[in-house]
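S.K.: Please read through the structure below; I'll follow up with questions.
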Amino acid sequence: MIDTIVIGAGIAGITAARLLRQAGQNVVILEARDRIGGRMWTDRDAGFPVDRGASWIHGLIGNPLTPLVESLKIRTLEFTVGAYQAGGRPISNFDANNEPLDTRRTDAWLEDASMADELLADAIAASAPGTNYAHAVERAVAAFDADAARKRQVHDFLHHRTEEQCGAESSEVDAHGLDEDIIEGDEVVFPDGYDALPRMLAEGLDIRLGRVVKTVERTTAGVRVRTESESFDAAHVVVTVPLGVLKAGDIDFDPPLPETITAAIGRIGMGVFNKIFLRFPERFWADGVYAIRQLGSPSHPWHSWYDVSAISGEPMLLTFAGGAWGREIESMDDEDIVDSVVTSLRRMYGNAVPSPVAHWITRWGADEFSRGSYSYIAVGASHNDHDAIAEPVADVLHFAGEATYGAEPATVHGALLSGHRAAERILGRTVPLKTLPGTQHAPR
Ligand SMILES: Cc1cc2nc3c(=O)[nH]c(=O)nc-3n(C[C@H](O)[C@H](O)[C@H](O)COP(=O)(O)OP(=O)(O)OC[C@H]3O[C@@H](n4cnc5c(N)ncnc54)[C@H](O)[C@@H]3O)c2cc1C
């Protein structure tokens, strides 16, 4: 007899399964893909790791991933530019005329960006629920006492933030949508690939790959979960499929989910945020910079490039396409996307930019087992909606996953904490998270 079925072998599902198994439960994970990790996906085809999904721990202080990664001895590399910072680490900025900013102008830009952030915080605090982030940005820019060029720079910079942080346009995001988005401490990336974490936590678990769950049916004894060709009975189920999959109605729930859950699924947005890695034959940007940033009107559609050469050992830049542009590139050919990125880089660096020798492009919106990149607080939604999805149904059906964790949605650590919460609810007692890397217990 299975105690708990977990649907989805991303970090939320693996965390829940591992904690339940360590508590002596018989747990089976059903995963649609032919790999584990979900949105933690390290591509090693080129002989070095390329993280197509998550890359960063966003803020080491107070983050449950920090002690976990340390105890598992997973190598990390400091890279504190993962949360769309204007400064803090060296960045090569270019103005609207594609001229590089010297030290004096960089300092002036950083002061402008910091002032704009203060004005934006005031505008957000004064924003009624149900108003959008774009409106708050416009109010902040109007209050910013500067000439038209400086206003335009802060305007575009602030608007791009929701594309990266939410995978959505600022007009789609609630004014309070980034209130919880606070980074404490440095950020790090994974020189050996972020998927080391789900892989290590998954060791010894009963994971059935290639199992696309179609229905979740509550029965008198608990739950019956069906794929196209199999059926599994258990006392509990933890559903960790991404919000995009829930929104699309790809899994049929019988009886239907309570209105409190379906309404919350409807209100929260699923953003699209794609990555484009370009490997160059040689480096054309300055040594020692973490990122390259285009400011002002030429910052559409490409604005930020991150130097990820230290991970691959090759000259490599990573740029992002989020929101409407992120959706649009998914129907473009790879060559057109690469040409478009290179054209933007050549505006700044001229012919010093060689043609890339390799590229990696994600299309998370079209991915049928994700249907988007991560959740965001759409206009009219709130962080309570995330937690509402996770309210247990009849003590049998539990949801977990990044979109169900209101305090830290859209992150790896939020997903992990949601899996921990589901495990504790099923066990009916607290389980210290620090036991997670502990020894596996044999099933009963
Ligand atoms: C491009 C990108 C960059 C990101 N960058 C960062 C970052 O730097 N730092 C950070 O903290 N977070 C980042 N995130 C977010 C982070 O990756 C996610 O929040 C986290 O990995 C989600 O974990 P999860 O377990 O909730 O969901 P998932 O990892 O998506 O796991 C859900 C699993 O359910 C499976 N599934 C779906 N449908 C079915 C079905 N019908 N039957 C069975 N299985 C099914 C899926 O295949 C998947 O394996 C990024 C995400 C993306 C896409």
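Positions of Cβ are set from backbone N, Cα and C atoms, glycine also.
Bear in mind that TrEMBL entries carry predicted annotations, made automatically and left uncurated.
So TrEMBL has the following annotated:
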- 11-427: domain 'Amine oxidase' (DOMAIN)
- GLU31, ALA32, VAL213: FAD binding site (BINDING)
- PHE320: substrate binding site (BINDING)
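I'd like to know what surrounds each of these features in this structure.
M.R.: DSSP assigns ALA32 (FAD binding site) to coil, not to a helix or a strand. The Cβ of ALA32 (FAD binding site) lies under 8 Å from the Cβ of GLY8, GLY210, ARG211, VAL212, VAL213, PHE369, each of these being in the same chain and 6 or more residues away along the sequence.
Sequence-distant neighbours of PHE320 (substrate binding site) (same chain, 6+ apart, CB under 8 A from its CB) are GLU163, GLU164, PHE273, ASN274, LYS275, ILE276, SER304, GLY326.
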S.K.: Give me the sequence-ordered set of same-chain residues, not including GLU31, ALA32, VAL213, with a C-beta within 8 angstroms of the centroid of the FAD site's C-beta atoms.
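M.R.: Sorted by sequence, the hits are ILE7, GLY8, ALA9, LEU30, ARG33, GLY210, ARG211, VAL212, THR227, VAL241, PHE369.
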S.K.: Mind giving me a neighbour count for VAL213 (FAD binding site)? Other Cβ atoms within 10 Å of its Cβ, every protein chain shown.
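M.R.: So the Cβ neighbour count for VAL213 (FAD binding site) comes to 24.
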S.K.: Among GLU31, ALA32, VAL213, the annotated FAD contacts, find the widest CA pair distance and round it to a whole Å.
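M.R.: Binding-site diameter by Cα atoms for FAD: 8 Å.
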S.K.: Looking at the binding-site residues ALA32, VAL213, PHE320, which have a C-beta within less than 6 Å of some atom in ligand 1?
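M.R.: If the test is a Cβ under 6 Å from any atom of ligand 1, the answer is ALA32, VAL213.
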